[in-house]
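Read the structure below first, then the notes.
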């Protein structure tokens with residue numbers, strides 16, 4: 001039974017009437033463009049075929065009722081006429097509450113909803129299960145009540161909910177790709193303007209995500225430190241963000257910068273350039289050049305931004321040794337663990353899977369998790 005069938009059946013069973021709509025919103029993986037989003041730079045993610053699915057129907061009152069199928073059918077209920085505050089024990093419900101609260105501030109022309117939620121985006125793997133949930137909930141209200149909100153506004157609403165209601169800092173990429181993703185395409189997103197350009201993916205290429213399952217500990221504090229170092233760099237150049245600094249300008253005065261800040265700045269500037277070129281390489285079907293850019297990105301994250309760990313570097317080395325110049329591999333996400341992403345010909349997937357299974361655990365003592373994904377459509381009815 002797929003997620004649509006599961007949520008529709010559960011909806012009818014619990015609420016004793018059929019759902020009128022089923023909405024999905026996907027998770028995502030970032031192919032290239034790491035730690036560029038909060039520097040007003042470029043990112044190149046694609047939506048993946050793991051998603052949050054919500055079967056739903058409008059109510060004729062002001063109550064929101066939610067069933068979390070993946071949490072033992074826990075029930076959440078709140079009124080649109082009372083102040084929406086955080087739930088003490090059901091953390092999942094705060095994503096729903098936050099999205100609804102911020103939707104009210106944007107466009108309050110909606111009533112109550114019954115919904116059943118289920119998803120298969122792996123949690124804690126850096127594949128944006130939370131953004132997928134936020135965008136799915138926003139799309140439910142937009143579709144049921146014909147709200148005049150586009151995908152970018154639904155994405156911004158989800159980001160606000162996560163930052164201000166749930167209390168977790170995030171850029172806009174995760175929600176934007178979940179809302180705007182296009183089947184068989186990646187999306188080159190300008191994080192300053194929120195402009196997005198669909199980039200066709202070469203035929204016969206698989207998106208492989210491998211979770212190192214290394215438990216991240218430093219990610220919060222180190223993320224904030226990197227952000228501060230980037231802001232220091234932008235101030236040095238008297239620019240609002242590193243997006244506005246050219247590599248030429250940087251190279252001319254790099255020796256005057258604090259050495260660590262200089263390394264951080266060099267990563268962001270070079271990564272922005274790589275991301276724009278990667279979009280062009282993908283469109284041309286030049287998997288070899290894409291692989292080189294991904295390798296340069298990983299080296300920059302390892303040596304200049306210093307956010308990889310030995311387990312991640314080991315995974316990258318195993319995949320690279322298996323695929324040679326037929327595709328690319330790099331760490332993806334915030335760093336200090338998490339996942340690597342590889343773009344490889346579909347016929348090489350079994351060899352990569354076997355090489356990783358044979359070598360990664362033997363070298364690190366940790367068992368990986370292996371996902372093969374397709375670039376998928378963004379949020380909407382399913």
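Backbone N, Cα and C atoms are what each Cβ position is placed from, and that goes for glycine too.
When the candidates 95, 145, 223 are compared with the substrate site entry in Swiss-Prot, which names 34, 35, 36, 37, the shared residue is 223. For residue 128 (ATP binding site), the number of other Cβ atoms no farther than 10 Å from its own Cβ, over all displayed protein chains, is 29. For residue 36 (substrate binding site), the nearest of the recorded positions by C-alpha distance turns out to be 174; the candidates were 28, 124, 130, 174. When the Cα atoms are compared, residue 127 (ATP binding site) and residue 162 (Mg(2+) binding site) turn out to be 15 Å apart. Within 10 Å (C-alpha to C-alpha) of residue 130 (ATP binding site) lies none of the recorded positions 28, 35, 37, 223. Within 8 Å of the centroid defined by the CB atoms of 34, 35, 36, 37, 223, the record's substrate site, lie the Cβ atoms of 33, 38, 39, 41, 43, 171, 226, 268, 271, 334, excluding the listed residues themselves. Closest by Cα distance to residue 125 (ATP binding site), from the recorded positions 28, 35, 174, 223, is 28. Of all the recorded positions given, namely 28, 34, 35, 128, 129, those whose Cα is no farther than the 10 Å limit from the Cα of residue 174 (active site, proton acceptor) are 28, 128, 129.
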